[in-house]
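K.L.:
Got a structure here, written out as structure tokens. Questions coming.
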């Protein structure tokens, strides 16, 4: 699942950059910029859907990756496991700041 995580991360970064090129964060025009992305940008609706569903798939892959590590006893490698826990917290914090707060 590590390679799927890398593929999801690259997809999220690329679609996020392309969506950010057309998005306006101003409160009066944010909704119209999303409508502009979906209607006027070539394959904008597809980029938006890939970005939204890719985030869910990314977290599913993370949890499957952690579950596989727990099943095979990888938690015995303390340093590696602790780095993974720190990365999990960073990913959750990034998702909170990027998706929940706005």
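Each residue, glycine too, has its Cβ placed from N, Cα and C.
Positions annotated as heme b b562 binding site by Swiss-Prot: 51. The annotation heme b b566 binding site is assigned in Swiss-Prot to 65 on the grounds of similarity to another entry. Per Swiss-Prot, the feature transmembrane segment maps to 1-21, 45-66, 81-101.
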K.L.:
What else in the chain is close to the transmembrane segment (1-21), if you only count residues 6 or more beyond its ends and a Cβ gap under 8 Å?
P.N.:
37, 44, 47-48, 50-51, 54-55, 57-58, 61-62, 64-65, 68
K.L.:
Can you tell me the CA-to-CA distance separating residue 51 (heme b b562 binding site) and residue 65 (heme b b566 binding site), as a whole number of Å?
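P.N.:
Distance (Cα to Cα, whole Å): 21 Å.
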K.L.:
Enumerate same-chain residues with a sequence separation of six or more from the residue listed as 'heme b b566 binding site' and a Cβ-Cβ distance below 8 A; give 'none' if the list is empty.
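P.N.:
Within the chain, the residue listed as 'heme b b566 binding site' has Cβ neighbours under 8 Å at 1, 2, 5.
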